[in-house]
């Protein structure tokens with residue numbers, strides 16, 4: 001009869017300590033993933049627009 005409460009207490013203590021397999025798999029995938037895997041690709045139009053907005057005033061000032 002004493003075994004049942006001891007078993008329940010051990011079960012309650014052990015269950016929060018067990019890692020969530022889905023969470024650990026996602027974390028390991030994110031650690032190994034590169035920018036290409038995470039769809040973090042640079043958009044050439046953004047860089048072209050930024051460079052144009054930065055360089056155009058410099059070129060215009062140099063010309064005139």
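Yeah, the Cβs are placed from backbone N, Cα and C, and that goes for glycine too.
What Swiss-Prot records for 1-19 is signal peptide.
Residue 63 (lysine amide) carries a helical DSSP state (H, G or I). In this chain, no residue six or more apart from residue 63 (lysine amide) has a CB-CB distance below 8 Å. The feature lysine amide is assigned by Swiss-Prot to 63.
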